[in-house]
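Annotated features in TrEMBL:
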type: SIGNAL; residues: 1-34; note: signal peptide
type: DOMAIN; residues: 74-100; note: domain 'Trimeric autotransporter adhesin YadA-like head'
type: DOMAIN; residues: 129-153; note: domain 'Trimeric autotransporter adhesin YadA-like head'
type: DOMAIN; residues: 185-211; note: domain 'Trimeric autotransporter adhesin YadA-like head'
type: DOMAIN; residues: 213-237; note: domain 'Trimeric autotransporter adhesin YadA-like head'
type: DOMAIN; residues: 249-275; note: domain 'Trimeric autotransporter adhesin YadA-like head'
type: DOMAIN; residues: 325-351; note: domain 'Trimeric autotransporter adhesin YadA-like head'
type: DOMAIN; residues: 381-407; note: domain 'Trimeric autotransporter adhesin YadA-like head'
type: REGION; residues: 403-437; note: region 'Disordered'
type: COMPBIAS; residues: 417-432; note: compositional bias 'Low complexity'
type: DOMAIN; residues: 504-530; note: domain 'Trimeric autotransporter adhesin YadA-like head'
type: DOMAIN; residues: 607-633; note: domain 'Trimeric autotransporter adhesin YadA-like head'
type: REGION; residues: 674-718; note: region 'Disordered'
type: COMPBIAS; residues: 692-703; note: compositional bias 'Low complexity'
type: DOMAIN; residues: 813-848; note: domain 'Trimeric autotransporter adhesin YadA-like stalk'
type: COILED; residues: 895-940; note: coiled coil
type: DOMAIN; residues: 958-984; note: domain 'Trimeric autotransporter adhesin YadA-like head'
type: DOMAIN; residues: 1042-1068; note: domain 'Trimeric autotransporter adhesin YadA-like head'
Amino acid sequence: MTLLTETIRPQTIRRGLLIATSIAALSAASPAWAETCLLDRNNNGEVDPGTDNDGSADTAGSDLQLACGVGATATGPGSTAIGADATATGASSVAIGRDSVASGTASTTIGAQATAGEIGTAIGFDSEASGDSGVAIGAQATASGISSTAIGGVSEATGTTSTAIGFDSQASSISDTAVGGGSIASAGFSTAIGGDSEATGTASTAIGAFSDATGTASTAIGFQTFATGERSIAIGSDGEDTGGVGAVASADGAIAIGNDALASSERAVALGLGAVASGSTALGGGAQATGAGSVAVGIDAQATGDRSIAIGEDGGDGDTLGAVASGEDSTAVGNNALANNAQASAFGSGSAASGTGSIAIGASSQASAARSTAAGFNSVASGLGSAAIGASSEASGINSTAIGRDSRASGVGGTATGSFSESSGISSTATGQASVASGERSTAIGTSSDATSAYSTALGSFSEAIGDRSTAIGSRSVASGDQSIAIGADGDDPNNIGALAATASARGAIAIGNETQATAINSVALGAGSIANRANSLSVGFVGGERQITNVAAGTENTDAVNLAQLNASIATAGASGCRNNPGLDGIPGNADDPADTLECGDGALASAVGSTAIGDDSQASGAEATAVGKSALASGESASAFGSGAVAIGDDSNAMGVQSTASGFRATANGFRSTATGERSTAIGARSQASGDFSTTTGSDSEASGDGSTATGFDSEASGLFSTAMGSQSTASGRQTIAVGTSSNAEANGAIAIGGDGGDPDSDGALASGENAIALGSDAQATATNSVALGAASVADRDNTVSVGSTGAERQITNVAAGTENTDAANVGQVNAVANAATNAQATADQARTEAAAAQTRADEAFASAATAQTTADTARSEARAAQLAADQAGAGVVEAQAKADEAFETAVEAQADANTARNEAMQAQTDANRALAQAEANSQELAYFDTNSSGPGASATGTDALAIGTGSEAMGDESVAVGSGARAINGKAVSIGAGNVASGNGAVAIGDPNFATGTGAVALGADNSATGTGAVAIGNLNVANGNGAIALGNDASAVGNGAVAIGPGAVADRNNLIALGGGNATVRISGITSSASRAAQDGALNIVTTDAMGNLAAMEIDVTGLTTLGERTGILENRTTLLENSVTRMSKQTNGGIAAAMAMSGSIIVPDTTWSMSFNLATYNGEQGFSSALVGRLSERVYISTSIAGSTARGTTGGRVGVAFGF
């Protein structure tokens, strides 16, 4: 049958089809306009309206087929069948519509029940495209196998190099990729991205939504990620879903990064919020790292057991733990650090350490028992090898030592040195302010000392030593009984009249000193006011009188009395090298202006403040309740303690222990030869150690911590950066918030971390991190560029934002790397080889196709040449036929013969024309084959550049130049815009909209999440239900609104409405232009650097005071702060003058009381009967002062008397006299 066209008027084109006609028609006429597809039923080559119709079209046998309409078929080469029962079997088939099939070769079918085959493509309802190079897009798309791709609807793409994108996608095996909907990808080189993604096994990667990726080289990234086993990595989320899981990655090469991350064991690393790890290394969030070679760093860090180290946080949350590290070789450093047992060490904040080899240094330190040491604020240390040094120290028993501020030490090996000290029993020694020592081998030296019983000795102000083998030496000494000796003063304290210094009541009692009593049994009382009261007594005084022992020969035997010369020599010796109280024991009366409760022992020793104690030649204790022990020791701070030759304690509550140690900061502690602690609450432990930063801590000789909040541990370690940490011999942490761990490690730039020693090589420098936020892990590793990471011994990372695992000439392999799934992921060798193989195969295929195309083209060229030759032959034959016919017509005679020749020539011409037609047809078929082969070659060597998707919903629309739209109803309208996701819209310019229902409108606008609105040039909305409206507006988080040019809203439910408005934190509201709001109404705000020296140095010009109103608005008052800076100086002057005034009032009061006492003593004078002259003496007391007077009366005659008297008191400047005369009448 021949395919014909019906000629129509141009205006009817929209209702008809323009189609190609048969070759015969083409040779006779130009292309026609046709309204319908007609079949020439009677094969006459003409249109017969009564006969021809568009019925069951079928073009079988025709060379260039096209069939349009009911029952259309178009079987074979070059076929096209459009509509109803369209089929178009094979060759260059295209079948569009209804029951379309188009089976084979370069088949394409679009619509209804489409199926394809071979180099198929089937687009639309019930599409299949089974195998070979199949692509099936839409509705019930399948595309089973070989180079399969199925996009949309109920897509599957079972096998070989399968890809299935969209609703209910699966893509089982070999190069599996399934993107979206109910994606599964099952266990070839699987990748499943989005929706209900799984990618079960082999080289699996699953990214997003309910991702799984079970086993082999698994990686699962996003929402309810797992990645169970083998080379597993699982990265991030489900943090908020109560029914969810979040990142897991259970075992084999497990790494789980983020949100509810767990990574349970094998080579586990879990990094981020909710991280657990069970094996080794968990960094951040709720980090745990349960056991074995564990390290857990950050927020809720634990690291339970084995080789555990846990560093940091959660200091801000009272309900959570922070660093723990429970057991084995545990170390826990910082915030709520505990370390609970085995070789436990805990440094800082809420440190504990609980037992076995425990050391806890800093903040609320405890270190309960075993080899416990706790040094610093609120320290405890309870028992066994305990030592607690500083602040609220306690040490409770067995080998206990407690040195400093509220020290106690309760029992066994005792020793408590410093303010509020107590030591309670067995081997006890308590030295310093408020010392006690109670019992056993007790010794208590200093302010408020006690030392009750057993081998007691108490030396110093308020001393008692009550009983057993007591000795009490010093102001208010008692020593009551048993083997008592009390040597002491303080009988002259104006506030304690009648208080008896040295008492020593009974049994072997000896009391030497002011108002001494010894009261019986072996008593000796020697000194002013001595009593002794018999029983083997020696007393040199008694109540109401004094006695000398004179003319005593020098004693030569133990039982001999000594004479005055011997006694004076002895006293001289005691005065030169013994102890002096106020008043002293050397026979020199105490100075009434000297402070009370002091003790001085040693040549040149001076205790010049109330309750102070100075023991040692040239020692000085000038602070109230200060204690200085050692040659030239100085304790000038209030409640300060200096122990050791040349030790200096200047800061209030400071402690300096060790030769030439210095503690000058408030509550500073310096322990060790030439150690120095100058920062507030700083601690320096070790010879020549220095802690100059506030709250800084050094441990180890020559260590130095100069940054505020810094920690340096180890010989010659240095931590000079703010909040820096250096641990290890000669380690250095000089940047802000840096960490250096390991011998000679160095963390120079801000945020840098260097962990690793020098590998035992003295010429090596250890790990170095000199770039900002750089990390160097490993012996001699170097990370010198910003954000660089060097992993492994001697690795070098010298480019910004890079990770290095080796160095030039010493490269390393990274093994067990899962296949990368994102553009920024690392790829493994398998992926590279796959790409190389695919490229090689694709190139081979392309080369083969090009070879075939070239061969086909050659055949086409040859066929065209043959056709041309045949046409020439036909033309020649036709010319000969015409010539023969002409000869026959002219011949007249021999007509029959001539006609025969003419007929023969015409037959030859017809045959030649047939040959020419055949050759032309073969040439055209060869050209078609060549074109198809070339097209296939190009397809094999290039990727698909543009595509729309079609599913049961409205199709994607990409109307802008170079725009990309993927997803049901997605629209990419702007040039180079991107819209990905159901209903996503990218409206103007280079906008990007990713996620269901997102809208990005404006050049460079970005909306990512579900659903967000970003309207305006450069506007950005990330998260859920955010709105960013205005040029450069930014809304990141959930339910945030940023409305205005440059407005920024970060957090949850934050609102920034106004140009330049900034709202940061949950519920923050910034409701006018250029307003910055931090947090909601119940939020607290911390600006850590506001008090730093760098912040102060940055201020220039006049300084003002910042105020806040009830709404939280900040503003600067018009008050010049420079006026306030002198307020302290003026207040100091006022305080000094007030003190002078108080002293003057005190002196005046004393003088007044003394004057009254003197006046009371100066009573009327009498003359003894029968005498001419009489002398009288009077004493009186008034309000703590004693008055005395002496009067002389003389009789000049019977009725004329004269008298004179002088009176004085114990107060200075109250001595006076009078003269009088009396006449009688």
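Using N, Cα and C of the backbone, Cβ positions are placed for all residues, glycine too.
Note that the structure is a prediction, hence the values are computed from the model and not measured.
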Sequence-remote partners of the region 'Disordered' (403-437) [C-beta within less than 8 Å, at least six residues beyond its ends]:
386-397, 443-452, 454, 456, 458, 460, 611, 613, 625-627, 629, 639, 641, 643, 653, 655, 657, 667, 669, 671
Across the domain 'Trimeric autotransporter adhesin YadA-like head' (607-633), what are the DSSP residue counts per state (helix, strand, coil)?
0 helix, 9 strand, 18 coil
Using a Cβ-Cβ cut-off of under 8 Å, list the residues of the same chain that are 6+ residues beyond the ends of the domain 'Trimeric autotransporter adhesin YadA-like head' (185-211) and lie near it.
159, 162, 164, 169-179, 217-227, 818-822, 830, 834
Counting by DSSP secondary structure, give me helix, strand and coil numbers for the compositional bias 'Low complexity' (692-703).
0 helix, 3 strand, 9 coil
Residue numbers, six or more beyond the limits of the region 'Disordered' (674-718), whose CB comes under 8 Å of its CB atoms:
333, 347-348, 361-362, 375-377, 390, 651, 654, 656, 658-668, 724-734, 736, 743, 1092
Reported mean pLDDT - the domain 'Trimeric autotransporter adhesin YadA-like head' (1042-1068):
89
In the same chain, residues at least 6 away from the ends of the domain 'Trimeric autotransporter adhesin YadA-like head' (129-153) whose Cβ sits under 8 Å of its Cβ atoms read 107, 109, 114-123, 159-169, 171, 947, 949-952
